[in-house]
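Encoded as structure tokens, the structure appears first; notes follow it.
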């Protein structure tokens, strides 16, 4: 046996050992993550390349996923999410709870650093939902809106999320602002959206509670879509000058940290096969 053949045999043995070490659940989740990251349906060879699996491993796992309705294979041999995963993706409560738990360490750290209230929000058809809250002790008696739905034009988190939408999808939220406060409210909201799109953050004063001001930044998915927002909330005098700049920087950092967490999809291959 030549040195090259010996090396190849050694590598194949190592890869086979690594393959046996990984559980079927781990392989299935890695394939689902690869499909989620893709812009279009993937063929077997694409999935094997993205996950680092042998083609036989990927094929066997895909067949098992297809049998359960988790993935679907079309007539051209391309794979995409099946009905079971589509149903799971529309489980709003599950999405909200998962996102809130992923963001909780970041908003707690943000509250500790700023001495303010903080929250994580996600956009719904009727406004921005506050999913989880953290706060400094001195804000313990202030209403935190945890679990509540706030009109998007009244929440800094709502503004940054709507600003990330295509213009056609912004219209329903602009209409809501018009119904709520007339033409002036709609025009003000439109200006806020333009500024948020340009600056990457939004600051609103007295929109929900007259004494409170909030600054928010968007949480982005790996493909650049807005998944939610992180906000800091406090008394108006804490959002001026250098204090506002520091708070804006801190909320940007927190949103970026949660964005990185969302980006940790686990699709990067481990060794040559997993």
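Even glycines carry a Cβ here, placed using N, Cα and C.
Bear in mind that TrEMBL entries carry predicted annotations, made automatically and left uncurated.
Feature annotation from TrEMBL assigns region 'Disordered' to 1-24. The compositional bias 'Basic and acidic residues' feature in TrEMBL is assigned to 15-24. What TrEMBL records for 22-83 is domain 'HTH iclR-type'. The feature domain 'IclR-ED' is assigned by TrEMBL to 84-264.
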Mean per-residue pLDDT computed across the domain 'IclR-ED' (84-264): 94
Helix-strand-coil residue split for the domain 'HTH iclR-type' (22-83), DSSP-based: 36 helix, 9 strand, 17 coil
